[in-house]
Amino acid sequence: MEESSLSRAPSRGGVNFLNVARTYIPNTKVECHYTLPPGTVPSASDWIGIFKVEAACVRDYHTFVWSLVPESVTDGSPIHASVQFQASYLPKPGAQLYQFRYVNRQGRVCGQSPPFQFREPRPMDELVTLEETDGGSDILLVVPKATVLQNQLDESQQERNDLMQLKLQLEGQVTELKSQVQELEKALAAARQEHAELAEQYKGLSRSHGELTEERDILSRQQGDHVARILELEEDIQTISEKVLMKEVELDRVRDSVKALTREQEKLLGQLKEVQADKEQSEAELQMAQQENRRLNLELQEAKDRQEEQSAQAQRLKDKVAQMKDTLGQVQQRVAELEPLKEQLRGAQELAASSQQKAALLGEELASAAGARDRTIAELHRSRLEVAGVNGRLAELSLHLKEEKSQWSKERAGLLQSVEAEKDKILKLSAEILRLEKAVQEEKTQSQVFKTELAREKDSSLVQLSESKRELTELRSALRVLQKEKEQLQEEKQELLEYMRKLEARLEKVADEKWSEDPATEDEEAAVGLSCPAALTDSEDESPEDMRLPPYSLCESGDSGSSPATGPREASPLVVISQPAPIAPQLSGPAEDSSSDSEAEDEKSVLMAAVQSGGEEANLLLPELGSAFYDMASGFAVGPLTEASTGGPATPPWKECPICKERFPVHTQTHTYTHTHTHA
């Protein structure tokens, strides 16, 4: 029906058209297979049209169909699809070239096919020439294309059955793979659920780990603050200790000075007692010393002024202590000067007054020194209390710090252990998750490979099935064409038979006239008619299958002793009927046409006898056939007639088939050649 071109079309936009034939028969639907490249997104607005080759615009299409959008599209793999053009929309047969074009929704041509034609099959297309080499000799066989197509149809049917079995096996494998995929999906779902649970646990552990880390950071900061506070307290304690030491040193100095002053006071008291004793002794001299006493009162007034000045300078106690020492030295000097005044009353009274004044001053200074000492002692006591409080607080803080350190160490050790345990668990879970992910990935890869292989096998099966269907359609169309031609041949055959009957009637009239003129010739022709193949008409009518003559061969063996009884008419010239092999029975084949073929052969035999007996009568009877048929018929008989007329060697008038023992005239080589091949 059509000759397929398995080469793929060159693609301008990536779309490849597969199995595009060079010719298509009209009035039969056309199936178009194409492949979209990876990355192409098919749309329901895309369409495939049949265009003329010279068409320059997408609107110049003859017909089109919308493209089919696949249900499942795999990323990274080509998409195979097919569409069908109905027979009523196809172009009319002719020499015009067409091609498929894929147009996307933007109106851009994404691919085109090789050109093809729509035409009816020609009569010469129904014959196929086969060349075979057998035993070193080339044999050229010309057989009907229907036989070849029938063989191809049988092979396609067998291949289709094999493909169906393979499809069933693949469907079984697909079912098994689907069950395996479902099991793997269930396992994957369980693994994902377990992975989700592990992820939740991991998140919980991560949150707890984060909280513990934050607590650890807070404790670390608190520890740093406590350590800084402890360092500050230690520095404060060190400073206070230094201050306490300084105060103690200063207190020791004050105590030493107080002791010295106390000793001096005792000395002064002893001197005062001595002075009082001297005073009692010098009362007599008191009057003499009144004037000196007035002067001493003035000095006392001056001393009071100085006392006021010293009270103003009470805050500068430390400086006045030195002045007191100087004053005490002066007092001592003055006391030392009092001894010579014992003799002199005035000097003694003056010294007594001054001593009293100085004693009062010293008493006040001692009182202020005692107050300062008490204040210093109170401050020292307060400092000691502060130091004791600070030490107690420091001890408490140190104890609390030690407790916090021990507790923090314990918590840190526990946290480290828990973190290590969680890390181990996380590592184990990560390894398990990686293993599961790897297994799932491998299963996905295998399932993807299986799906790809199944899709490829399915596509190839669909393509082969569509090819088989297309070839089957072609074969059916060819068979319909053959049936039509067979009907035409039958009609022509019927016309030829009618024409042969008319010729037979004319030949019978001519033969009657000729036989009435020459009885001897009539008897001879009757004898020859009994022995020639035309006498086998009855047997051929009884068995029409024997009239199917296969290709020619030569029967070399003959039996000369099996000839019938000879008579006086044997020496007369023989009328040889050359009977070529019929062509119509080989082409038609059915057994019910054999009877009509045998009748046609009888008519041809009579016609050939008439032609060989006289060319003029044949020309009168067959004006339509002309001289060509006469030359062909007379050519078969010229050889035997020439040999008989030249008086060659005597040969038996009959030949016998070694298989069926059927007898033939010696000179009918063509019929013998044809008959022998019926047994081959």
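Note that Cβ sites are derived from N, Cα and C of the backbone, with glycine treated the same way.
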446-471, 550-575, 654-679 - the one Swiss-Prot records as zinc finger: 654-679
Candidates CYS657, CYS660: member of the binding-site residues with the richest Cβ shell (10 Å): CYS657
Rounded mean pLDDT for the residues that make up the region 'Interaction with GATA1' (45-125): 88
